[in-house]
Amino acid sequence: MGQTLYKNFTPIREYQLFSTGNETGALNKLHKKIILEQKGCHQLFLCMEVNALNKQDFLTGGGEAGEILRSMNWPATPAGEPAIWPQSLRTTLSIALQSHVPMFIAWGPAGTLFFNDACQPLFHLPAIQLMGQPAPTVLTGLWSTLQPAFEQVMEGKAVTLPDLLLSVIRHGKTEMAGFTFSCIPLMNETGETGGMLVTASEKTPPEHYFRRLADTIPVMLWITRPDGYCTYVNQKWYDYTGQQPGQVLGNGWLTVVHPDDREQMANSFEEANLNRIPFNLEYRIRGADEKYRWILDSGSPMFDKQGAFEGFIGTVIDIDNRKQAEEAVAQSARRFRQLADSMPQIVWTATAGGYVDYYNKQWYLLIGEENQFGDESFLMHVHPDDKERCIESWHEVVRTGEPYEIEFRFRVKHANAYGWFLVRALPIKNDSGQIIKWFGTCTDIDDVKRIEQTLRESEERFRIVVDSAPVMVWMSDIQKRFTFFNKRWLEFTGRSMELELWNGWKDGILPEDLENALAVFDEAFTARRDFEVEFRQKRHDGQYRWVVCHGTPRFAYDGAFLGYIGSSIDIHERKAIRLELENRVTERTHEITDKNKALEETTRELKVINQQLELRHEELRQSEERYLRMTNEVEDYAIILLSKEGLIENWNKGAEKIKGYTADEIVGRHFRLFYTKKEQENHLAERLIEEASSKGSSTYEGWRVRKDGSTFWGYTVITALHDDKNDIIGFSKVTRDLTERKIAEDQLKIYAEQLEQKNRELERSNTELSSFSYVASHDLQEPLRKIQAFGNLIQTRDAANLSEISKDYFDRMVKAAIRMQNLIDSLLEFSRTTTARRNFEPTDLNELLDEVKKEMAHRIEETKAVIIAAHLPNLSIIPFQFRQLLSNLISNSLKYAKSDTTPVIEISATYIKAGSLHDKAAIPEKDYYKFSVADNGIGFEQEYAEKIFDLFQRLHGRNEYSGSGIGLAICKKIIENHNGFMRAEGSPNGGATFYFFIPVK
């Protein structure tokens, strides 16, 4: 006290050195609190006032820490531009950079870290990784000690942390050292606490303090001399091994090491001690209970301040639970690889970030090379045209966590060509919903793609053919529902496909004709034979016109009945002509009757009338014969009257439609212009006329030319017309366009062959599906059961020995296995609804519902749900599937109940007469029961009413509501197995109602 400050305090001399003679770094007035070092003293507070520091001049010097401070992009950090830092921070930081005493600052609520070079032995990380970062984040171990002090300092209090035993790194070696931390507040420009300044003073802790601390730490601690002789173990070692103090020192500790590990462990320790290098060894030691457990022994060499080797210090940690878990995981992984290698598909896995880290052997057999992993190993085999789409879609699902499904082409080794594959991947998530792994498969679908392409092309050609046919074409299924109408039909009726489908076509049939038409169709349907029926059908202009409908049964490759295909032709004009002929015959009959009465009065008059009658009969016979010959051969197609020279004298609408000429354009011209140039040169037209003249008729089938120059395949009949004297007075020429029929016949044949091939493929796919179901229900579930069994066993037996982290890991492992088990079970349930035998039995649904409620009694009581059920009918059903249906729907209502409302579920059934149900899925001739299951839960948007029945479709995340996304798909499949259909209605927070309709018989 009273001595010159400059002489006794080193920091003041240092400040004068860097402030005098340097205007940019000058400190004009000292005003803030700083810490100064003095011999024998740890701390001294001195008020200093700083007037101004220009820009970043306060960052001058400071060694490596100073260089990092000056090079950092501070505007991009929470601290901002140094020029606007508070004066107290700038001044203190400038002092710290020049000090040889460890000093660091935690500034602001986030604790932004600033420090000098002297601090680096304390931090154990490179300075570049720490400077400017939040201290709680980067000083994880040290901050647990500093956080309480930080909170007090930010309230304006100074705190001292004495007797801290910390590990420091000096000369590249780790050693223990004692410190006292002096923590004081730094004020900002408003006078409030802006941060904390910590000054670390090193001192050597007393021996009793070290031993007291060593005996309280939760790990086993040991120390050796330079020659390897063990001089100390803490109390934790004695408690763990059961050894007594006299049994450990020297090499006595080796007696508890497992005999199989003892020699290797001793050799490894001697090598580390000789080379004075750290080591980490895993081996087994015997515990106080005489059981061997795995431990991790970590040792580090110790050196004094002069760098002389003093021996080793180390810790021992029990890792037995971890080793057992690792073995269980490794065993599970080996089984997974065995299962994956036995599958015919390519199986792969990827990290959460999308890096491919595993392929099964199918990948290497078909696609890739050994030991290639990662995105590049995958993409190098993808077709160049598919690569960008593959990359974008994979990055997107990795970002969103959605299931992955895409089709693209891989280069296949044995074919040396690209083939189509279906690539699917599902994210594996932990309990918190975070993705920890991706599981994927690649399925060869090249043959399927080729078949699909061929089928699409075939179906498109079929539609083009039937749409261009001059007749109306239709198709039905095995339930007498009409499933297709061609363009001609829709043009005739003026109605849309949606209105005509199923039984909508009946609306266009004249009511008095409908009953007979349906009777003919039903009779033929039952007998599986062809039919023909005439009725009147409404045209687009409202006129009912006579049509003749022909139908032929369709059969699959295996003989299974598929329904009917048929055609309808407008015969209204022909019908009118037939009626006119009948009327004319009636009139002639009446005339004959009247004249016969007159002939009875006079023989002379009778002879005259008889002569006239015979003449009229002959004329009528010839007229009818010519007419019937024409109509019987051509029906609705082109009819042309020719002169004896082949000039066109008459032109009907069929000719105009087929050949493109109007009557005004063509009458008077020779019919040879309908033939190709080559046929005209060969005088085909003239030769056909000659043949018809000599033989009565001539026929020819070949290409014809329309007005626009296009050609069509036509069948022509030319018939000679005679007068009363049997002289040729002209010719009738009938042409029929067979182009579309010929194409249709060829294409239908190809289509039938392709359908047969597809049926065979589907049969093979069903066989493979059954095989997969067997594998999934046995081989795939066995590893999951083992994981669950071992996990539960470890949790039950060794819970006391598990750390909280290990317990959490085992809990996650068991839950993940349970989720995978549930997913497999759900998929098998869905598969069984498809492949199981459908044994219908008469069942009282009231009793079945009571059984379901008993099975779910615990869940119903837990949620305090109220189930209101009306009287349900007795119905012929598949009992086990119907039980699952009710259970799934009730579970769905309970799952999506509102948290603040008592769940209420109402179940009812209504009888609906045939024809009263206006739904395109309903069969009009059948009576239905309409069932409804309604709740008052959270509901859903109506736009998702169809989507919720799809496999794996969820409207909510797994964190919100559990489940596999398969339950409602199973419900829909069960209803379809009962020849019914299912609908859903809902609104947000307005509850949901599920309707399903089942035929009474």
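Every residue, even glycine, has its Cβ placed from backbone N, Cα and C.
Automatic prediction, not curation, is the source of TrEMBL annotations.
Looking at 592-630, 670-708, the range annotated in TrEMBL as coiled coil turns out to be 592-630.
For the domain 'PAC' (404-457), DSSP puts the residue distribution at 12 helix, 32 strand, 10 coil. Secondary structure by DSSP for the domain 'PAS' (206-276): 43 helix, 11 strand, 17 coil. Mean pLDDT for the domain 'PAC' (698-750) in the predicted structure: 84.
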